[in-house]
Amino acid sequence: MAFTDLLDALGSMGRFQLNHTALLLLPCGLLACHNFLQNFTAAVPPHHCRGPANHTEASTNDSGAWLRATIPLDQLGAPEPCRRFTKPQWALLSPNSSIPGAATEGCKDGWVYNRSVFPSTIVMEWDLVCEARTLRDLAQSVYMAGVLVGAAVFGSLADRLGCKGPLVWSYLQLAASGAATAYFSSFSAYCVFRFLMGMTFSGIILNSVSLVVEWMPTRGRTVAGILLGYSFTLGQLILAGVAYLIRPWRCLQFAISAPFLIFFLYSWWLPESSRWLLLHGKSQLAVQNLQKVAAMNGRKEEGERLTKEVMSSYIQSEFASVCTSNSILDLFRTPAIRKVTCCLMVIWFSNSVAYYGLAMDLQKFGLSLYLVQALFGIINTPAMLVATATMIYVGRRATVASFLILAGLMVIANMFVPEGTQILCTAQAALGKGCLASSFICVYLFTGELYPTEIRQMGMGFASVHARLGGLTAPLVTTLGEYSTILPPVSFGATAILAGLAVCVLTETRNMPLVETIAAMERRVKEGSSKKHVEEKSEEISLQQLRASPLKETI
């Protein structure tokens, strides 16, 4: 008998599972706020050079005649953001006048920012514009680098230390580093603490998903995965609302970091994965956890009858060949695991490139930043409803592949939207982003089901590393737009379609119990191949019999 049978006996979908899932998914929702935070804290307001300090007019008028005389206009008739005249051009104050070839220079005395929407951002505070504009993208890349490092570190630690310890530490690290980011006043310190925050993103997501999935019965894993997606949707909507109410970037940074101190405090009462405890010889603690689960689910008597011997009868066949010392090579050692790993590398990387390419630069759509953020969050709800139905009734593989391919096609189609139609362009991009967000959540669940328990955390961490590489690559792909406007959408769309094709190679896991060991995984694949071969053989024999039967002559 399997461990899932033991969960069924103790109440597989009771009050414990509901409370446990809610407490783990709430922090995941707020992580979405941190992921997209720089859309607001690093927003670039309209700006232009400050006039020369040695002119008395500079202190009296930065918007009228003085502005027209000192700042050239760009092609759209707005003040040039990065250049100013070397000397005031008073002749420009005359109607319909122009001075072609007037000498200009950089913004030696700083910039004047429009603070009507954003009273303060890191761009204003450290002048991350013009020649320094790449530092803004660098800050986001540093955050994504932290997510990348965290995926490798926390994925490996969880296999050795369990899920609970790294999760508790991640909550504390995020609360502390988030507060420090809001406190320190240097750009270098900002980047350091954003890196530490990025690390916790992986630590929280990977361990939360594993704890939710491993305490869920087979029939509840799909719902748990979809709830994770809804928590991300809620987090994006919360970000839009909180950012609208709290405009200064330091206050906003602190406001979305402080709740993780509360998550840190209650996380001490979350139980460790009993699967992991059993695999690492801590059966007594596993029994105690299962007894608490049984009591909370109204199965106290069943829990009291649970002993090490009874538990071993459920799991003996599954854990007999478990080796608790695993390395990254185990992800490539056997054929079945190797195929899963290679496909997931492509899927996670490509999905991430397309997703962050759309979602991390909302100002390019030309609409209200708060409105676009809310729209990009709301669109996830119908996408998740469709994903829920298809994952339950159709399967994981078809759902993920369809969403990825559809998203890729929509991103490429956005190239053909006429200029000046911001609403149509934003709506189409939002639909593509909804498909990518849904596929991302489905892939988290799918990955956890594809890998066996003994290397599940390592596998999810390794796959997540490639997603973070994709997140690092997305800003670089965006810069290709300076050479050709078609390169970014073609790149994002093509990678999404490639990921969808890679999904088709994987095995369907709908309504299948979690595999505990690598050996069991190989046996399942071989048995599946043998069964398919037998079915094909049987079908071939039946067709041969049909051709030879008298019935054929009457058709």
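Here the Cβ of each residue, glycine as well, is placed from N, Cα and C on the backbone.
Fair warning: this is a prediction, and the values are worked out from it, not measured in the lab.
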Q) So, Arg15 and Tyr190, same side of the membrane or not, per Swiss-Prot? A) no
Q. Where does the N-linked glycosylation site label fall among Asn39, Asn114, going by Swiss-Prot?
A. Asn114
Q. Among the residues Asn54, Asn96, which does Swiss-Prot list with the feature N-linked glycosylation site?
A. Asn54
Q) Top stretch among 138-158, 195-215, 226-246, 251-271, 340-360 for CB pairs under 8 A with the transmembrane segment (430-450)? A) 340-360
Q. Taking all residues of the topological domain 'Cytoplasmic' (272-339) together, what is their mean pLDDT?
A. 73
Q) Between the stretches 24-44, 251-271, 374-394, which wins on the count of C-beta pairs under 8 angstroms to the transmembrane segment (138-158)? A) 24-44
Q. Where else in the chain does the transmembrane segment (398-418) make close Cβ contacts, counting only residues six or more beyond its ends and a cut-off under 8 Å?
A. 347, 350-351, 354, 358, 383, 387, 390-391, 424-425, 428-429, 431-433, 435-436, 438-439, 442-443, 446, 485-486, 489-490, 492-501, 503-504
Q.
Tell me if the transmembrane segment (251-271) touches the transmembrane segment (167-187). I count contact as 3 or more CB pairs below 8 A, with pairs 6 or more residues apart.
A. yes
